[in-house]
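Report on one structure; see the data block that follows.
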């Protein structure tokens with residue numbers, strides 16, 4: 001009766017169906033292109049409607065059907081011009097169905113691609129997600145439609161190869177990127193077809209956006225069609241297939257091809273900011289699209305396929321996943337409040353394709369044989385229900401900060417190169433003038449001395465005349481220097497003053513001009529010395545060096561000047577200029593000075609230099625790390641120990657330096673200092689250094705064996721909030737590294753923190769009123785709780801209650817979510833919460 005009504009009411013429903021179809025089809029062109037050449041996007045990013053489009057494709061008769069199914073033409077009748085299909089019910093009645101496209105058995109692979117997949121590919125290139133999927137009974141041509149490689153006959157290529165041809169032709173290798181993953185869903189397990197050893201990939205869902213991804217899958221960058229074809233060949237070789245009565249090479253898994261496209265675009269328009277000259281010209285954007293091509297395993301009835309043993313279990317798994325997909329589509333078609341997406345991994349992977357934000361095209365494949373009329377009818381009804389599902393398409397677009405940064409860096413590099421060229425030319429010219437002036441001075445001194453000795457006072461007037469000529473030449477030299485400086489200033493003024501990078505470069509050039517001014521002052525000093533020759537010939541033979549500073553006094557004077565001298569804008573001179581003024585080796589040599597004030601001042605300078613990452617490698621290579629460790633070992637002065645520990649903490653921020661500190665016994669010296677020191681600032685520096693070392697995965701066992709954890713816990717006696725913050729940070733770093741090592745199988749057994757007695761202090765400070773302490777302790781608790789071997793100790797120590805509190809009340813959403821996942825995923829914690837009647 002139900003089947004009968006479905007046929008008799010088809011005519012009465014046809015007008016409504018045509019109206020819905022016309023409405024959907026009339027809306028479709030607006031989704032393809034806007035006036036600007038892209039899919040429209042609403043102001044509030046709510047998306048635009050896009051119904052799932054469904055095409056039906058009839059497979060040609062095979063040899064068996066030509067012999068057995070003589071009346072096959074009476075079973076299925078296609079009317080492609082009306083986009084209609086008629087399925088015979090009995091000798092006098094047909095069921096009529098309408099689709100978006102009806103493809104006969106003579107339809108070419110190219111036509112199938114153009115009507116089914118090409119609109120989806122175009123949308124993906126515009127920044128939308130898209131899905132192309134094939135559904136049907138086993139042996140009806142799904143893999144032929146989607147995955148045919150067509151290596152010998154290019155006209156036989158399927159949708160996967162043709163889609164990649166269009167994508168490669170539409171992107172630029174210089175600015176765009178393209179990556180591909182190839183998976184199979186076999187027996188409810190996601191396996192990597194490009195890396196068979198990766199056979200249990202997890203599905204990850206973003207809690208904010210709801211986007212589903214498989215980050216554990218192999219992702220291969222594609223540059224040309226040849227590499228993609230090779231990838232498909234590898235994947236097909238690893239895909240599981242079996243011989244059944246219905247198909248000699250029946251796919252026993254769902255194949256999923258994921259193509260990720262990152263495409264750079266440039267928008268122009270007057271709506272950009274008028275304050276920025278760069279903003280007037282273009283607005284760089286990146287559009288990220290994802291194309292998913294799904295070759296579903298064929299549905300089959302067991303008595304027809306003759307499946308037995310393991311193949312029978314595969315058939316059950318395939319039918320269950322396809323049934324779950326059908327339930328989801330039914331729920332979406334009926335606007336149900338609950339869609340059972342989580343019933344199957346297939347439905348979770350296709351969450352965005354049905355009822356999500358992707359543009360979806362479905363091709364249902366059927367056979368002509370009346371022997372399989374039941375399976376054909378089921379496939380057609382699946383396609384009819386899918387046509388009722390409507391997605392909300394959303395563009396994935398973001399501002400291309402990296403592209404803009406690269407463009408600015410290229411412009412800045414060009415400006416810097418030009419400035420360096422001009423600077424070198426200017427410096428060479430000044431050096432030439434200085435050498436020429438010095439040669440003239442030397443020649444004048446020699447002539448004057450000879451004239452004075454040979455001719456006496458009679459030659460004095462001639463010498464004065466020579467000096468006047470030399471003065472005139474010196475003025476000309478100054479004018480030449482001024483002219484060069486003027487050219488440099490004009491070049492600087494011609495640059496765009498709106499960019500911050502150019503302003504910084506101008507300041508650097510002004511510093512260079514100041515250095516040239518100092519050189520001119522030295523030239524003026526030489527001229528003054530030359531004038532003295534007119535009064536006393538003996539004074540002309542003296543050296544021109546009159547600074548009066550050398551040795552330790554000079555070095556100390558430069559140290560003090562580096563801290564108290566101010567530049568023209570009132571800021572302190574950079575510490576890195578000390579390398580050029582004094583030299584790193586001289587600074588490090590003062591660390592061993594017998595004068596306490598000199599030693600204290602030197603270690604402060606080294607600590608300040610170590611705070612800049614660019615100086616750290618030079619300090620270590622010059623032996624600075626060894627000298628700082630020697631200060632911790634040999635000196636009891638609290639100021640020296642505090643500043644030396646601070647310098648070591650700065651160097652310990654670098655992973656390479658961390659290993660050097662450990663190899664030179666640094667953790668032992670830091671532990672000894674932690675035990676002896678009482679000053680809070682000294683302990684803060686020591687705790688900071690150990691906390692940095694705790695973040696290195698390679699040093700975990702050695703750090704613990706040499707007393708690093710106990711030293712960290714020993715400094716709790718101070719009670720100062722800044723010291724406790726560094727201790728909490730170190731514990732969090734150590735717990736995070738331990739958690740990572742346990743997950744990767746590099747560590748087994750209980751946490752070293754628990755074995756060294758850190759758990760009571762962690763639980764006690766989990767709700768500390770000082771925000772940095774509380775945040776680090778909450779992270780440490782979550783990392784410790786991620787491994788089941790620590791669960792019983794944490795329950796006995798009272799950590800369970802703190803984890804429950806963190807999962808409910810923590811101010812940071814990421815920590816709160818981590819605590820919730822940890823409690824939900826641990827059998828021991830779940831059992832204890834059930835016993836205590838605690839609900840998450």
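One-based numbering along the chain as shown.
Just so you know, glycine gets a Cβ as well, placed from its N, Cα and C.
According to TrEMBL, the protein has these features:
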COMPBIAS  1-28  compositional bias 'Low complexity'
REGION    1-44  region 'Disordered'
DOMAIN    51-389  domain 'Kinesin motor'
BINDING   136, 137, 138, 139, 140, 141, 142, 143  ATP binding site
COILED    427-536  coiled coil
REPEAT    582-624  repeat 'ARM'
REPEAT    623-666  repeat 'ARM'
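Where TrEMBL records a feature, it is marked here on the structure.
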residue: 136; record: ATP binding site; Cβ neighbours (10 Å): 27
residue: 137; record: ATP binding site; Cβ neighbours (10 Å): 26
residue: 138; record: ATP binding site; Cβ neighbours (10 Å): 24
residue: 139; record: ATP binding site; Cβ neighbours (10 Å): 23
residue: 140; record: ATP binding site; Cβ neighbours (10 Å): 28
residue: 141; record: ATP binding site; Cβ neighbours (10 Å): 23
residue: 142; record: ATP binding site; Cβ neighbours (10 Å): 27
residue: 143; record: ATP binding site; Cβ neighbours (10 Å): 24
Go ahead and report the DSSP secondary structure tallies for the repeat 'ARM' (582-624): helix first, then strand, then coil.
34 helix, 0 strand, 9 coil
Model confidence over the repeat 'ARM' (582-624) (mean pLDDT, whole number):
79
